[in-house]
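As recorded in TrEMBL, the features of this protein are as follows:
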type: DOMAIN; residues: 177-299; note: domain 'Fatty acid hydroxylase'
type: TRANSMEM; residues: 30-51; note: transmembrane segment
type: TRANSMEM; residues: 76-101; note: transmembrane segment
type: TRANSMEM; residues: 131-153; note: transmembrane segment
type: TRANSMEM; residues: 168-188; note: transmembrane segment
Amino acid sequence: EMPGQDTAARAYSCFFSQGEKLLDALRISAYVFSTGLLMFTALVNSGSWFIQNITLGNFWQTAWLEFYRYMEGDEWTIFLIGAALVPALAFWGFNGILLVADITGKPTFITRYRIQLGKNDPVDTKKLWKAIYTALGNQFFISFPMLVPMFYIMKWWDNTFSKELPTFQWFLVELSIFTVVEEILFYYTHRLVHHPVLYKHIHKKHHEWTAPIGVVSIYAHPIEHIVSNTLPVMTGPMIMGSHIVSISAWFSIALITTSISHCGYHLPLLPSPEFHDFHHLKFNQCYGVLGVLDFLHGTDKVFRQTKAFERHKVLLSLTPLSESIPEAPKKDE
């Protein structure tokens with residue numbers, strides 16, 4: 001019995017020791033995390049307070065009230081301008097600049113940052129016009145009509161047209177929630193349309209572009225445009241009962257961000273488009289927006305082994321990452 005007791009005692013002692021180590025690790029992690037969180041919160045609060053109270057003051061609040069009075073409180077028109085017109089202008093204004101570069105190859109300040117070298121140089125004009133017509137059709141005949149039920153949902157919340165704007169701090173909270181909601185909905189609906197049955201009839205249209213350009217971000221089959229492009233972006237504001245100004249800003253940000261993801265250029269100071277560009281190149285990798293769910297589901301394993309992953313960062317210099325982190329030379333067969 002004694003050897004058995006010794007073994008049990010040693011096992012208990014080892015278990016207890018491991019438990020203490022685990023608790024110590026958790027304490028240290030909690031301390032580091034909480035300290036970092038407090039510092040981050042303090043920085044965000046200081047920055048947002050500065051923006052809210054010093055830099056902008058009551059400018060936006062005054063501008064909103066003047067606009068509201070000018071529109072005579074016509075909530076439908078206000079909603080249409082905020083949720084449709086402003087984001088559409090942001091999308092086509094941004095993509096207009098990119099299209100000049102795609103068609104003419106100038107200015108070289110943009111085209112030298114091309115990700116897939118030799119592609120769309122220049123872009124196929126016939127293919128481009130097809131993409132533009134489809135994008136316009138999706139906006140006018142799908143996105144805009146979907147704003148009608150959204151308008152009545154927002155009316156139900158009774159906050160969307162409030163004369164008092166949300167604080168900048170609250171907008172940051174909303175922006176975080178919108179982004180998480182979009183990541184979840186887009187990732188799973190995107191993977192769904194990659195199912196062989198749906199891909200053939202629906203998603204294949206979007207993947208006609210293996211080297212995408214900005215306007216291709218909403219070049220999609222109507223069903224895909226509803227389920228994967230529009231609903232993931234609309235759902236967050238509908239859940240939160242957001243103000244029309246927040247909705248307008250979010251829709252504009254979402255459209256510009258997805259245009260950057262598809263634009264084919266890794267430009268300085270802008271978010272990296274390498275992740276989604278790789279999806280268009282390989283089809284079965286990088287389904288999400290942020291990449292969090294891809295990491296959890298392992299749908300970015302191939303991407304993480306490539307030079308594109310090394311280039312997947314914000315470019316802080318004027319040297320193209322295709323030059324500073326070039327592809328490995330192909331071995332001679």
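Note: Cβ is positioned from N, Cα and C throughout, glycine not excepted.
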Fill in the blank from the handout: For the domain 'Fatty acid hydroxylase' (177-299), the DSSP helix/strand/coil residue counts are 87 helix, 1 strand, 35 coil
Fill in the blank from the handout: Tertiary contacts of the transmembrane segment (131-153), defined by C-beta under 8 angstroms and 6+ residue spacing from its ends, are 75-76, 79-80, 83-84, 88, 205, 209, 213, 215-220, 222, 225-226, 229-230, 234, 237-238
Exercise for the section: Tell me, roughly as an integer, the mean pLDDT over the domain 'Fatty acid hydroxylase' (177-299). Expected result: 96
